[in-house]
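If you check TrEMBL, you get these features:
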BINDING   A:C13, A:C16, A:C25, A:C28  Zn(2+) binding site
DOMAIN    A:10-68  domain 'Spt4/RpoE2 zinc finger'
Amino acid sequence: MAVSTKKQLPKVCRECHRVVDGETCVICSTSNLSTDWSGYLVVIDPINSEVAKKVNINLPGRYALKVR
Amino acid sequence: MTESEGAEEETTLHYFAIKTTSKQERTVADNIKKAVDQTDIKVYSVMAPKELQGYVLVETPEKLNRMEQLIERVPHARAILRGETALAEVAHFLVPKPVVSGIVEGTIIELIAGPFKGEKAIVKRVDSGKEEITVELYESMVPIPITVRGDNVRVIDRGEDR
């Protein structure tokens with residue numbers, strides 16, 4: 001019953017580095033997306049997070065650390 | 001004085017490393033977010049850098065025992081490291097340096113992926129913007145420039161001693 005399904009990497013907005021579910025970024029409304037990315041950052045509370053401040057993120061969500 | 005010290009201590013952020021099942025770092029980061037939504041445990045961010053395989057880093061104002069409670073609810077999270085780290089120690093993960101940073105013209109490299117895998121080559125040009133390098137194979141009869149991705153090569157000789 002082993003089904004070999006390769007997990008597809010979600011797309012990331014090249015501008016805001018946000019992990020996007022559809023075909024356009026909801027924040028930048030751009031379709032400039034990439035599947036070639038690495039490093040993952042989940043920001044839950046951008047107001048109190050020092051990490052979010054360091055990478056200039058002010059919206060909670062899932063982000064990539066590096067996008068090509 | 002003591003009051004302000006107390007307030008400062010309350011807002012001190014802790015950075016803990018959580019050991020995860022291999023290749024499940026992203027899943028664990030997502031699961032931590034879900035677990036945080038369901039409990040009153042505060043976590044401000046979760047980081048899963050590519051360089052740090054098998055671990056995720058959490059930024060939290062909570063103490064270690066609260067984090068232990070949290071990871072019990074998180075699938076694929078195996079343990080929490082007892083020591084904690086600081087932002088200064090993990091900040092370099094946030095700004096990954098370009099993969100071509102240690103490569104200059106004349107560097108001898110080995111291709112580690114693609115059709116020329118295993119071949120040695122000499123670097124002719126470095127494009128740090130695109131993170132690509134143009135190389136010429138050692139063994140080829142005629143010099144044909146090949147452009148490859150910066151992460152598809154391994155540096156053999158930087159040519160510093162020459």
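The backbone N, Cα and C atoms fix where each Cβ goes, glycine too.
When Cβ neighbours within 10 Å are tallied across all protein chains shown, the highest count among the binding-site residues A:C25, A:C28 belongs to A:C25.
Taking DSSP states H, G and I as helix and E and B as strand, the domain 'Spt4/RpoE2 zinc finger' (A:10-68) has 5 helix, 22 strand, 32 coil.
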